[in-house]
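Working notes, structure below.
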């Protein structure tokens, strides 16, 4: 499950725990103080967040050998996408909850899998 270059789930979990602890070490700034003090705290917090993001990318790239950029997924043309309105939208009080279902013809990317 974990990865591309034979890395184990345990390696992935270690990396995730490390990245999580980095983000938890930088809580959002407090809202007290003058406007200038709050602005300075937010500025310093954003800079620390950028540093943590760079460290996280380095961990994923170096330790796990992964790129941070997602793999491009080939999507079908928009003309082939339809919304299924035959399903009930829910009972009163829950209308609009959830996501609409999208029906898609199987693109060539998905057809390369196991045949039945």
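Quick reminder: no glycine exception, Cβ is built from N, Cα and C everywhere.
Swiss-Prot tags one of the stretches 17-33, 34-50 as motif 'Nuclear localization signal and RNA-binding (RRE)', and that stretch is 34-50. As stated in Swiss-Prot, the feature motif 'Nuclear export signal and binding to XPO1' covers range 73-84 out of the listed 61-72, 73-84. In the three-state DSSP reading, residue 8 (phosphoserine) counts as coil. With helix defined as DSSP H, G or I and strand as E or B, the region 'Disordered' (20-46) counts 17 helix, 0 strand, 10 coil.
Predicted-model confidence for the region 'Homomultimerization' (18-26) is 92, expressed as mean pLDDT. Counting every protein chain shown, the Cβ of residue 8 (phosphoserine) has 11 other Cβ atoms within 10 Å. Secondary structure of the motif 'Nuclear export signal and binding to XPO1' (73-84) per DSSP, as helix, strand and coil residue counts: 3 helix, 2 strand, 7 coil.
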